[in-house]
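Here's the structure we're looking at; comments come further down.
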Amino acid sequence: MLNLLNLFKKDRLWDFDGGIHPPEMKTQSNGTPLRHLPLPAQFVLPLKQHIGHEGEIGVRPGDQVLRGQPLTFGTGRMLPVHAPTSGTVSKIAPHMTAHPSALAEMCLFILPDGEDRWCEKRPLEDYRSVERSELVARVHQAGVAGLGGAGFPTASKLKGGLHGVNTLIINAAECEPYITADDRLMQDHAAEVLEGSRILAWILQAERVLIGIEDNKPEAIAALKKALGSATDLHIRVIPTKYPSGGAKQLTKILTGKEVPHGGRSTDIGVLMQNVGTAFAVKRAIIDGEPLTERVVTLTGESVAQPGNVWARLGTPISHLLQHAGFIPGAEQMVVMGGPLMGFTLPTLDVPVVKITNCILAPAASEMGQNEAEQGCIRCSACADACPAALLPQQLYWYSRGGDHDKARAHNIADCIECGACAYVCPSNIPLVQYYRQEKAEIQAIDLEAERAALAKNRFEARQQRLEREKAARSAKHQQAKRSVASSDAGAIAAARERVAARQAEGVSPENHADNSLQAAVQAQHEAEVRVHQADLQAANEPVTRQTLDPRKAAVEAAIARTKAKKAAQAAEASPTEAPQQSAPEDEPRKAAVAAAVARTKAKKAAQAAEASPTEAPQQSAPEDVPRKAAVAAAVARAKAKKAAQAAEASATEAPQQSAPEHDPRKAAVAAAVARAKAKKAAQAAEASATEAPLQPAPEDDPRKAAVAAAVARAKAKKAAQAAEASATEAPLQPAPEDDPRKAAVAAAVARAKAKKAAQAAEASATEAPLQPAPEDDPRKAAIAAAIARAKARKTQQPSMQED
């Protein structure tokens, strides 16, 4: 008894609410076998022929392709598109595709070469010898999608049902009027359909396979039973004819008695459904190694002279199919892609065949009836009685028409399968399906925008978090750097203190200090001389901006220059004398040497500034200056030269006085030679300054003033010579410390270098003076100047000869 109940339950069929029984009109096309059509002049292949994203293009215009060659590639829901024949890719451009909106999409255009050559195939006879994932990958690479009308990628559907599916349903109902593509396919290729069903069952590891077919297809039922024979792995279930029994949820309810939950999928209840055409395409992809390049299309309608089913290559224009079917267009002729209830009218016949194209309907005007105008809803509830999804079409109509998206969503408009049963029974001729499709599209756009906004928000928040993390990382890095620097500074300070303590404990010899101080003094003197030389060059290159000057202003500027020179000379004289008074007996020799070098540099700069200041006034003065100003300028120049010589001699004698407490004969001799050289240079500088004044233009000089100026110059030169003699004799009297010959040699070399530089400077100053213009020189003044120069030279030579 229990076995009889199980057998009864296994063969039992259920029913769904609603549904209609429209005229079938299938006998127009199911009586002739499948036939092939010649190739069109051009193929148009849309990149997107399925639910999902379009793949990446793998060819370029001008490429030669073979049949079955992939033109695009991708993963997941990005199904590839294959070349329907061999030929050349002519272009890649937008073109109108099979969609109710008639929008243009990106398409590949192929010009066939007529050879129809296949690419290399990869057949697999024993599919049970490979992994199931490999079979799913092959299905994806073949570009197989749902051929029943939805166009969902088959590989993605199989991958989602690899676990938990115990029932596989092969949908052979084909309930919509006029369409006979699956019917004719089962009649002509029943064995291949069953083999594809077995491959799908093997991939899913399904416990049972149910083939649901309506009872209005006796030839197809007979062909399937004949091909099945005595096999028990597949079960053929003949169901009553009722529209829309071919819907996924409706057929699942009929064969299993289970209902797919709202918002869920059939896999949630352990059921997965595939179309008859999809099973045939899977067999071709696995066993034969052929990708999806063609499908069965029904050509029917009273406007077609030769209705039937044909093998149509993907990308074939609809006009090419109708042309070979004897299409006779009438007045206001319409052509529908799909059935009369779920199809849509084509905007043009250039639309290509795609993977979801199952029927081309070209009805006559009498066949479709008159196009009656839409009227107001009378609330008859006939649409609710006919709805197979148990919805409220009337309420959905009001919400869709009023744009109330929230209410439409709340009334489960997403569960509408757009079967058209409500519109078929509506007495007011309201195109309800049109409203529902538009409302679904608007809701989808709103959801997409919300998803993009959420994604943008998440990206913004992620960016903010990343910036905060980077900021915290930088702050931590800076803190670590500060700590490391502080620790390193502390270590360096401690190490320096230890070195100082060790040096103080061990003691440092004075000889090393002397060597270091001598080197530092030489370096400081060299740097000072370089700076002075650069200053001279800069002063020489500066142009004279004032061409004319008032005599009164010239006198004022000369007085200011004399005052500045006097202060500079006093500072230079005071700087070397202060150091010995302030320095303690314990000062290091290095400090004394550095102070002496600094004093010499300052004295030299002061002397150069003094020489430059009196010479500027005569250059800037007009040729109309009086002779008295020239005499005054000469006297000022001689006075500044004398002060500069005294400062140089004082700076030269200070270093030995401070750093030589004990007498050394060799150092004394070197110091004496240095003093004589400096005295000689000072005398030469005095003579040059004395001779510069007469060379300046003095058109009306007075003999008395010239004599006075000469006497003053002789007296100053005599004082300079006496000062030089005194400085030369003082050096040997100073006690010299015990020093080694190396230091003496270094000191002598330094003295010779300084003397040489001073001589060169004196020669340069002497040669520059004659170059000055003296257009109105007096012979008497020239004679007086020559006598003064000879007297000064004689006085300078006498002390030096006595010392030698």
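Each Cβ is built from the backbone N, Cα and C atoms, and glycine gets one as well.
Swiss-Prot annotations:
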BINDING   CYS377, CYS380, CYS383, CYS426  [4Fe-4S] cluster 1 binding site
BINDING   CYS387, CYS416, CYS419, CYS422  [4Fe-4S] cluster 2 binding site
COMPBIAS  484-495  compositional bias 'Low complexity'
COMPBIAS  567-582  compositional bias 'Low complexity'
COMPBIAS  592-619  compositional bias 'Low complexity'
COMPBIAS  629-660  compositional bias 'Low complexity'
COMPBIAS  668-693  compositional bias 'Low complexity'
COMPBIAS  706-731  compositional bias 'Low complexity'
COMPBIAS  744-769  compositional bias 'Low complexity'
DOMAIN    366-397  domain '4Fe-4S ferredoxin-type 1'
DOMAIN    407-436  domain '4Fe-4S ferredoxin-type 2'
REGION    466-532  region 'Disordered'
REGION    567-804  region 'Disordered'
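Features as recorded by Swiss-Prot, highlighted on the structure.
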{"residue": "CYS377", "record": "[4Fe-4S] cluster 1 binding site", "Cβ neighbours (10 Å)": "17"}
{"residue": "CYS380", "record": "[4Fe-4S] cluster 1 binding site", "Cβ neighbours (10 Å)": "13"}
{"residue": "CYS383", "record": "[4Fe-4S] cluster 1 binding site", "Cβ neighbours (10 Å)": "26"}
{"residue": "CYS387", "record": "[4Fe-4S] cluster 2 binding site", "Cβ neighbours (10 Å)": "24"}
{"residue": "CYS416", "record": "[4Fe-4S] cluster 2 binding site", "Cβ neighbours (10 Å)": "22"}
{"residue": "CYS419", "record": "[4Fe-4S] cluster 2 binding site", "Cβ neighbours (10 Å)": "26"}
{"residue": "CYS422", "record": "[4Fe-4S] cluster 2 binding site", "Cβ neighbours (10 Å)": "29"}
{"residue": "CYS426", "record": "[4Fe-4S] cluster 1 binding site", "Cβ neighbours (10 Å)": "22"}
Near-site residues: [4Fe-4S] cluster 2, ref CYS387, CYS416, CYS419, CYS422, CB cutoff 8 A to centroid:
GLY18, CYS383, ALA386, PRO388, ALA389, LEU391, PRO393, ILE417, GLU418, GLY420, ALA421, LEU432, VAL433, TYR436
Give residue numbers and ranges for long-range contacts of the domain '4Fe-4S ferredoxin-type 1' (366-397): same chain, 6 or more residues beyond its ends, CB-CB under 8 A.
16-20, 244, 247, 249-250, 301-302, 334, 340, 407-408, 411-413, 415-417, 419, 421-432, 435-436, 439
Taking the center of the Cβ atoms of CYS377, CYS380, CYS383, CYS426 at the recorded [4Fe-4S] cluster 1 site, which other residues in this chain have a Cβ no more than 8 Å from that point?
ILE378, ARG379, SER381, ALA382, PRO393, GLN394, TYR397, CYS422, VAL425, PRO427, SER428, ILE430, LEU432
Which of the binding-site residues CYS387, CYS416, CYS419 has its Cα nearest to the Cα of CYS426 ([4Fe-4S] cluster 1 binding site)?
CYS387
How would DSSP class CYS422 ([4Fe-4S] cluster 2 binding site) in three states?
helix
List the Cα distance (Å, whole number) between CYS416 ([4Fe-4S] cluster 2 binding site) and CYS383 ([4Fe-4S] cluster 1 binding site).
12
Relative to the Cα of CYS422 ([4Fe-4S] cluster 2 binding site), which of the binding-site residues CYS377, CYS380, CYS383 have a Cα no more than 10 Å away?
CYS383
Mean pLDDT across the domain '4Fe-4S ferredoxin-type 2' (407-436), rounded to an integer, is what?
93
Using Cα positions only, nearest of the binding-site residues to CYS419 ([4Fe-4S] cluster 2 binding site) (CYS377, CYS380, CYS383):
CYS383
What's the CA-CA gap between CYS380 ([4Fe-4S] cluster 1 binding site) and CYS387 ([4Fe-4S] cluster 2 binding site) in angstrom, rounded?
13
Could you give the number of helix, strand and coil residues in the domain '4Fe-4S ferredoxin-type 1' (366-397) as assigned by DSSP?
13 helix, 0 strand, 19 coil
